[in-house]
């Protein structure tokens, strides 16, 4: 078991691409940690640098307090599951799972016993003699996990572990993965571009952009209090409302109306300052009358138990999620008010959070 | 080297130059990766290290260097000496500068062989193999499976059998007294290799080499979108109009590639030696046979070195054209 | 003229075109088949002539092979040359293709370009003079076992000629193998050589087999190189012996020649059938754009 630290970690590719940019990061022992970001943000490179598959061009990586920056992957005591699982097609499931033990020169009988034990644990008992090509996507993924578990590493690294599964299977595998990690208690870092996956699985999430971490926090923090408009935009299955506004005393002029400045931002903004007002559709209350921004319902999108209502407020479009039974008519005049404490204020010039 | 490209690859995966086509269109990174990863893909994957990587490449490079590159370069020097296979000029050849080249360029037998090679390449490859290969590929594309397979297999067998065997088969076919061709045509006693040596070689080489063009055009035709062919049919275009307006624009690149390759191979082909050895007299002494006859038979190594260099230059021109074609195609 | 008349005429015309087309196809098929037919019938004919005819079935001709002092020997020589060369080509090309595919080396692209160029430019025709001289020279000044009349020298020469194209084909093949296999093994702690042995070699085995077959067929049919470099009839492969058999003075022994031709062709035909059954005889990665 081990934590991970990155100190001013830098990775520049020969072509000049700055994939990881002087990055500092601490991952605790036993933590289930997500690296989240759009493609090209450097998350996979960071993972591969932790694994040792990429050589850092600056800074250092520590695993369990030991500086491993210049240590080969073999001596880092990590196990990695690749996006395509990298199951050796010419080996059976049992040989695949026991391959790491074969490298460690365990006897055939011992390593097969261990592989069988893990295979049973992961529900692969009937598949041990098959080749990877004869397995379904979900089974392949579990074999890859089993192989990683067989190494008994102090650290798991998963590169997009669920992305090759179809949507229904993905939910199942997600639950399985989380339970496995809880049972084993091994520090696990995984890379994903799917915010829902990160929110569901991780203890903490690092949201990355252009080789840097834009926010580091628990799923709740990252979802409820995005540190900047980039994270606000990236997290959440329906996009957050981000509206241009101007501070007028203790209120903000926004979308043809005005809203109170949130308590956490009081005293941090000046009169006339340009800001961006952020609020999730899930945190917008829609009513026929009363407080809030006035607007007209333009589009309804059914999301199952809820409906995403797009409301035309002045020049802006504002989204609000309502329970299916409260669905308004298109064209209806409505009022929108943020749930108290859920309104976020960002600086217009750099998009950083002022307060909530 | 000899025959390597000519007598090509039975696996059908690809042959020397065709491998280039593959390289030109190869697909890097089967898995979708982040852009930075694509850059990473070029670095060392298994941790082989640069030293070991060089050691891996070294044996192959050594063999290629000694037995392919060096001989090619050495030709430059040999062609500038009066080196001979035996006698005093074998022991101590002297440097004659461009003497051999001026001799070659003034030698009517060189022009004779060059002319014969042009005939050979032009009629057997550019017109014969190209034309027959395309015609077969086009007409077989919609024909019942077994007819198509039979014809293709026959054509391919002519291509994959060893040169010595096919040469002998044709000697038998064209024999003056008992040959099948004379029996079929009702021309008993006609000595094909004596009376019509070049025509015989050309017919032979069409038979021998059409397979490559057939396969290449077969692949090319399957790349023409069926929807475009159907559009032409709906518009009422005739077969020839369809060929001109829909098919040819698609396969122009393939046609050029094919022509360049079969030109290169046919120009360097040595199998005619097995049929006529250049005879009678020098009536079928194409360039490849001419080099052999002057170098190995007559022992005039320096002189034939000069001819070899001229062949090399012609090959380089053809190959560079071919590589440019490939590059263009992989860009577009 | 009624419409049905017109239709009938058109149908007749189409029928005629169809018949003509099939007749032409048959003619072309016959053109390609005739020489091959002789190859199949003559060896079993009690009194083979140059003409294709229905054989008076016999297997006696195969005894002629035993009677000729060089026949089996030349076949053996062909096997030795083919397998020896294939070994050089497969090992050399595998190592080089792997390194070129996986390790970024300075000048790699230029090297590949030159290799591609060399593979098509330096043909036997263009290089026979320097090759003859080179091998004579090595035999005179280094060791006779590497000079004229050395099978080993022929293998090296042919390996040198086939390697550029071989490296190319194999590199293409290695490029399609996902790197994650090797990376995965690497994270598990396998050493580079271990990865090559456990993971890479089995994965590229089909590619290696392809190169091996391709080399064997090329060497098997090659006439020029052994013809120039091997003078001793006891060392010449079947390709060269064939020529000796039909150019030597007197009436060629057709029973021997035809039977020998067939036997000599069989391995190539067998390999063709094997490859076409396994992979389909098509351009795979080759020309497909």
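Keep in mind that glycine also has a Cβ here, set from the backbone N, Cα and C atoms.
Summarising the annotation, TrEMBL assigns domain 'ABC transmembrane type-1' to C:75-275. Taken from TrEMBL, the feature transmembrane segment covers C:21-40, C:79-100, C:112-133, C:153-174, C:195-217, C:254-275.
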Contact check, the transmembrane segment (C:153-174) vs the transmembrane segment (C:21-40), 3+ Cβ pairs under 8 Å, seq sep 6+: no
Interface-richest range of C:79-100, C:112-133, C:195-217, C:254-275 toward the transmembrane segment (C:21-40), CB pairs under 8 Å: C:254-275
Candidate ranges C:112-133, C:195-217, C:254-275 - greatest C-beta contact count to the transmembrane segment (C:79-100) (under 8 angstroms): C:195-217
Tertiary contacts of the transmembrane segment (C:254-275), as residues 6+ beyond its ends and Cβ separation under 8 Å: 38-40, 42-43, 45, 48-50, 60-62, 64-65, 67-68, 71, 75, 78, 210, 213, 216-217, 220-221, 238-239, 241-242, 245-246, 281
